[in-house]
Every structure is written in C-alpha cells, then in structure tokens.
Amino acid sequence: MERKRSIRRRQKQPFAERAKDHCRNFTAFMFSNVGIIFLVVLYMIAGAFMFIAIEGNEALERFAQIPSKRNETAMRLWQISCCEVNVFNKSVFEEKVGNEIRAYQEKIVLWARRGWQGSDITLESESPWSFSGAFLYSLTVITTIGYGNIVPRTEWGKIATIFYTIIGMPLFLLYLSNIGDILAKSFKWIYAKFCLCRVCPGVARRRAMRARRRARTEERDYSSERGDNGFDTNTVTTSNVDDEIEEEITAETNTVTVPITICIMIMIGYIFFGARLFADWENWDILDGSYFCFISLSSIGFGDIVPGASLQTKGDTKMEISFILCAVYLLLGMALIAMCFNLMQEQVIYKIRSLKKCVRGCFQCAKAVPIPIDESEN
C-alpha cells in the first residue's frame with residue numbers, strides 16, 4: 001500500500017510544472033529539423049494575413065480620389081481662364097494658372113511616393129495585397145530577396161515590416177542551417193554508398209590488398225596462431241579482419257567528400273528545372289526562367305522579373321496554386337544551395353589539408369636527402 005501511494009504521489013505534478021514541460025517539448029519540436037519547416041511556413045502565412053489586415057484596401061481608398069482631384073484641377077483652370085482673370089492680362093493669367101498646376105504637381109509627386117503607378121484606381125479595382133501578393137511579400141522579406149513590386153505604404157505597415165524582418169530573418173537562417181545540414185549529410189551518405197560499394201574498382205582493389213596483407217600475416221604467424229590445445233584461430237582472425245574492413249569502410253563513408261563539380265551540376269540542374277516550371281506557370285522563356293531562378297536563389301532579387309505576373313485574374317485557383325508551388329520551389333532551392341555550399345566547403349578544406357600534407361612531406365624529403373660533397377675540391 002505504501003508503494004502504491006508513493007507511485008501515485010510521484011505521478012502527480014503541479015499544473016505549472018506540467019505546462020512548463022509541455023511548452024519545453026513543443027519548443028524543442030518546433031525548432032527541430034522537422035518543426036522548423038512548419039514554423040517557417042506558418043510564419044509566412046501569418047505574415048500574409050497580417051499585412052492584408054494592415055494594408056488591405058487602404059491603398060485603393062487613398063488613390064481612388066486621384067481622378068476626382070484631377071477633374072477639380074481642370075475645372076479650376078477653366079474657371080480661371082473664363083471668369084476670374086482676364087486672359088489678355090498675361091502676367092496675372094500665368095501666375096494663377098502656374099499656382100494651380102504647381103499645386104497639382106506636388107500632389108502627383110506625393111501620390112507617386114506613396115505607391116501610385118500612374119493609372120486610375122477605383123474602389124472596385126483589385127488590391128495588390130491579395131493572399132498571393134502578401135505571401136510573396138512575406139517570402140521576399142524573410143529570404144532577403146526583396147523584389148520591390150509590392151511594398152507597404154502605410155505607417156503601420158512599415159513598422160510591422162521592420163519587426164517582422166527582425167524575427168523572420170534569424171528564423172529563416174536557422175531553417176537554412178538545419179535543412180542544409182540534413183540534406184548535406186543525406187547526400188554525402190548516398191554518394192558514399194554509391195562510390196564505396198563492393199563492385200567499385202577502387203574498393204575491390206583495396207579489398208584485394210587487404211586480403212594479400214592478411215594472407216602474409218597469417219602465413220608468418222601461423223605457428224603462433226595455433227594454440228597448444230589444437231584449436232586453430234585462423235577463423236577467428238579472418239572474422240576480426242573482416243570486421244575491421246567493414247569498420248574502415250564505414251569510416252570512409254562518414255569522411256567522404258563530394259566533388260565540387262557534382263555540387264555545381266546539382267545547382268545548375270535545379271535552376272534549369274525551375275526554368276522549365278516557370279516557363280509553364282508564368283509563360284516565360286527558358287532564358288528568363290533561368291535568369292529569375294538564379295537571381296532569386298542567390299537572394300539578389302533585382303525585381304525586373306517577378307513571379308505572380310499572371311495572377312491578375314481574380315479567383316483563379318490554378319494560378320494561386322502555381323504561385324504557392326513557386327514559393328515552395330524557392331524555399332527548397334535555397335536550402336539546396338546551402339547544402340551545396342556546405343559540401344563544397346568540406347571539399348575545399350579537404351584539398352587544402354591534402355596540399356598542406358604534400359608540401360610538408362616534400363620539405364621533409366628535401367631535408368632527409370644528404371648533400372653530395374665534391375671530392376675534387378679537396
């Protein structure tokens with residue numbers, strides 16, 4: 001009875017401790033290799049809804065009054081020329097008309113700075129801050145691509161962008177670090193298993209050399225390997241050598257480096273794969289698609305070619321889905337670029353260490369060679 005009571009007492013924990021454990025486990029999962037992917041995607045979706053709520057139709061309401069202001073300016077000029085000022089008085093007429101035109105130009109400059117593109121906008125026009133546009137903006141902010149085709153115009157939108165970037169950029173860098181490291185280890189394991197398989201000539205040659213070395217060792221130590229009781233330990237020695245060979249192959253699998261040429265081929269292949277996809281989604285040619293993929297994956301983001309140009313039809317589900325797939329392509333592509341950079345860094349470090357050993361060996365050999373003495377001088 002006392003044992004059951006102690007078990008029951010041990011199982012009961014305060015609510016605060018249990019909540020703390022659940023929060024700790026949830027945080028560890030969200031920042032794990034799997035949870036970081038969902039965290040980045042949820043952060044982008046939350047950012048899209050946040051910018052829609054902040055910006056929304058504010059730009060439409062602000063720019064919808066531009067046609068009426070233009071009409072008011074034209075009417076004012078008509079009143080000046082007809083009723084208020086004598087048109088034959090050139091100086092007064094030019095002063096009045098100049099003041100009205102100058103005031104209208106100042107309004108045009110102010111509207112252009114706030115994002116007006118020069119075309120008439122009404123309240124029935126489609127807002128650039130749709131879900132796809134806001135999702136694109138969130139993607140370009142945390143990935144530091146920054147196309148510039150969609151930008152915040154309100155004060156709260158600019159403040160939200162600052163804080164959203166402060167949190168999103170480290171989160172995305174953590175995503176690149178974790179996912180890039182996982183992809184690098186996985187690809188290196190696959191490459192090692194492919195290059196260190198039993199049918200490869202290099203591995204077969206090394207196995208033959210080990211077999212010959214083992215045969216010479218067994219032949220030289222045959223008398224010592226046979227025990228006094230008549231038990232032959234050759235079988236045990238063979239199994240131990242085989243275990244050592246397998247351990248050596250496993251060590252080579254873990255320390256193998258992927259050539260730089262293969263990493264470059266992977267990046268080029270992924271860029272051409274994206275160019276083919278964007279050629280179908282955005283009606284681009286292969287050159288424009290390749291150019292966009294390279295500029296985006298390298299986080300340069302000039303903004304001269306941007307995705308979503310074909311998303312002008314409101315309510316087109318196919319275009320919306322293709323745009324989401326475009327975002328997935330960019331997320332996976334940047335992780336793939338991080339993987340290739342990781343593998344290329346390992347290859348460069350390996351080459352530098354090998355060169356260092358080679359140079360050190362050359363210096364040691366040069367010191368070991370005796371200097372010949374010319375006997376004719378003596």
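Backbone N, Cα and C atoms are what each Cβ position is placed from, and that goes for glycine too.
Feature annotations, courtesy of TrEMBL:
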TRANSMEM  28-54  transmembrane segment
DOMAIN    127-184  domain 'Potassium channel'
TRANSMEM  129-147  transmembrane segment
TRANSMEM  159-177  transmembrane segment
TRANSMEM  256-279  transmembrane segment
DOMAIN    266-348  domain 'Potassium channel'
TRANSMEM  291-309  transmembrane segment
TRANSMEM  321-344  transmembrane segment
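When Cβ-Cβ distances under 8 Å to the transmembrane segment (256-279) are tallied for each of 129-147, 291-309, 321-344, the top count falls to 321-344. Using a Cβ-Cβ cut-off under 8 Å and counting only residues 6 or more beyond its ends in the same chain, the transmembrane segment (28-54) has close neighbours at 129-131, 134-135, 137-139, 141-142, 152, 154, 156-157, 160-161, 164, 167-168, 171-172, 174-175, 178-179, 182, 327, 331. Remote same-chain residues near the transmembrane segment (321-344) are listed as 40, 44, 132, 135-136, 139, 143, 145, 175-177, 179-181, 183-184, 187-188, 257-258, 260, 263-264, 266-267, 270, 274, 277-278, 281, 293, 296-299, 307-308, 311 (criterion: CB distance under 8 Å, separation of at least six residues from the stretch ends). Confidence annotation: the domain 'Potassium channel' (127-184) carries a mean pLDDT of 87 in the model.
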